[in-house]
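K.L.:
To start, I am sharing the structure in question, which I have written as structure tokens.
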Amino acid sequence: MSPNPTSEFKQIIEQQSEKILNPIERTKVTQDLSENVILTTVDDLYNWARLSSLWPMLYGTACCFIEFAALIGSRFDFDRFGLVPRSSPRQADLIITAGTITMKMAPALVRLYEEMPEPKYVIAMGACTITGGMFSSDSTTAVRGVDKLIPVDVYIPGCPPRPEAIIDAIIKLRKKVANESIQERGTVLQQTNRYYSTTHKMQATEPILTGKYLQSATRQAPPKELLEATGMPVPPALLTTKQKEEI
């Protein structure tokens, strides 16, 4: 015997009425819930967005900037880290001090750093930026460490560092950004100087090039044999100087 058609009809009407009253069905908890839901915090989301879009400012004062320029090329391609070079400090949140910082350039560097919006970061690139480098012993205009002017987050030693070293510094900076909190935004943490000037212990020696070779007789006048071979007459001025030397 066939089932009662009236009961089936009633069930269909009840199902349709439930869909009309509740068009959205109740969510069913499945075993794949842990794979479909991401639990995070505002700090993690905020830090992830910042570390994935660090915008460095195009700034260089010496030969280290050549290595930084190579990093922009297709071989190393730092765009894959989300880095977009900017020419304005108001659009940058990272400055890489590539090269020697002199006393004359120091006020301009501090002004560029102050014009950058918070939060901002600094990477000191090269020995000349960190300690003054080869100019730290006898130069009167080189700054012995850029951290005397602005706080530094990551140091890259080398003369000059390779592009791979810059990538490693950026990765370390990304790890530092990932551990920050949104509550610290806008607070300027005063960093102590990690490098300081000391008197060097190098012994002064006599210079090799004294300039006396410019006063040698062979540079003042060509050899006599050369003049006789070429048939050139000896200038009278040179003859008088030779006579004075003999006297």
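For all residues, glycine too, the Cβ spot is worked out from N, Cα and C.
Relevant sequence annotations retrieved from Swiss-Prot are reproduced here:
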- Cys63, Cys64, Cys128, Cys159: [4Fe-4S] cluster binding site (BINDING)
K.L.:
Taking the center of the Cβ atoms of Cys63, Cys64, Cys128, Cys159 at the recorded [4Fe-4S] cluster site, which other residues in this chain have a Cβ no more than 8 Å from that point?
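P.N.:
Other same-chain residues near the [4Fe-4S] cluster site: Ala62, Ala98, Gly99, Thr100, Met125, Gly126, Ala127, Thr129, Gly133, Gly158, Pro160.
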K.L.:
Using a Cβ-Cβ cut-off under 8 angstroms and a sequence gap of six or more, which residues of the chain neighbour Cys64 ([4Fe-4S] cluster binding site)?
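P.N.:
Listed in sequence order: Ala98, Gly99, Met125, Gly126, Cys128, Thr129, Pro160, Pro161.
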K.L.:
Select one residue from Cys63, Cys128, Cys159: among these binding-site residues, choose the one with the most other Cβ atoms within 10 Å of its Cβ.
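P.N.:
Output for this query is Cys128.
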K.L.:
Does DSSP give Cys64 ([4Fe-4S] cluster binding site) helix, strand or coil?
P.N.:
helix
